[in-house]
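S.K.: Let me begin by handing over the structure; questions about it come next.
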Amino acid sequence: MEDQMESQKRRQESKDALISERTGSLGCLGWFIVILSGFFTVLLFPITVWFCLKIVQEYERAVIFRLGRIIDKKPKGPGIFFILPCTDSLIRVDLRTVSFDIPPQEILTKDSVTVSVDGVVYFRVSDPIASVANVTNADFSTRLLAQTTLRNVLGTKNLAEVLSDREGIAHSMQSNLDEATDNWGIKVERVEIKDVKLPFQLQRAMAAEAEAAREARAKVIAAEGEMNASRALKEASLVIAESPSALQLRYLQTLNTIAAEKNSTIIFPLPMDVISHFMRK
């Protein structure tokens, strides 16, 4: 945790140093042009006021350049402010969260399986000055970096990890993207893996494997049921052997069950000891 805070502190100091370099002195000629522009602005105020007055929305910030240099370490806005015509120019930066879909990427996993993976990234501009001064197009650069980061992260995972550990993959991607885009003034808020598409043959193979595993578990469960039933029958036979009258009661219960079903034919089993008694006579 301390290392992470120290790293963020060093990155912030680096960005402040870059901004300080860009907000340096205008020089004698630069100040002369600025004073001249201010003089004509005051002189022609009824006309120039419409060029000097600028308004930015609540969700926007304005980065102002004066003779090619950023005039302040902080962006202007929201609200109304004035700029000098001819010498000042501004770039509006949207601070709202932007979401975009990562196009499906054909990725070779660590165990040499080709899959197609797509996702979605949510990010916003956290430092308007850095997003303008440090990168040509922060939005487009972040989109390209998200695609390459997705390929790099999934290239180190097995197929089983890609299918089961989507949350871990998304968190890893977010950390890598956030660290890489910090100097661009971009804050990556969330990364999600939308879909993982497997080749059709691999899907059939995985389905066959899952079906075989289920059948194996079913056979094991059936065998365990037969074993438990045989043990119960053995215990029942021991109880009946101790009391011969219990067998007769069981016969009567069976007849009662058959009679309740209103069958026309009833088969009545006779005990062997009864038949043997009549045969001896």
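Cβ atoms here come from the backbone N, Cα and C positions, even for glycine.
TrEMBL labels come from automatic prediction, so no person has curated them.
Since the structure is predicted, the reported quantities are computational estimates derived from the model, not experimental observations.
Quick paste of what TrEMBL says about this protein:
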- 29-53: transmembrane segment (TRANSMEM)
- 51-210: domain 'Band 7' (DOMAIN)
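Walk me through where these features lie, including what they touch and how far apart they are.
M.R.: Only residues 6 or more beyond the boundaries of the transmembrane segment (29-53), in the same chain, are considered here, and those with a CB under 8 A from a CB of the stretch are 66-67, 80, 82-87.
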S.K.: Within the domain 'Band 7' (51-210) only, compute the mean pLDDT.
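M.R.: Overall, the domain 'Band 7' (51-210) comes to a mean pLDDT of 87.
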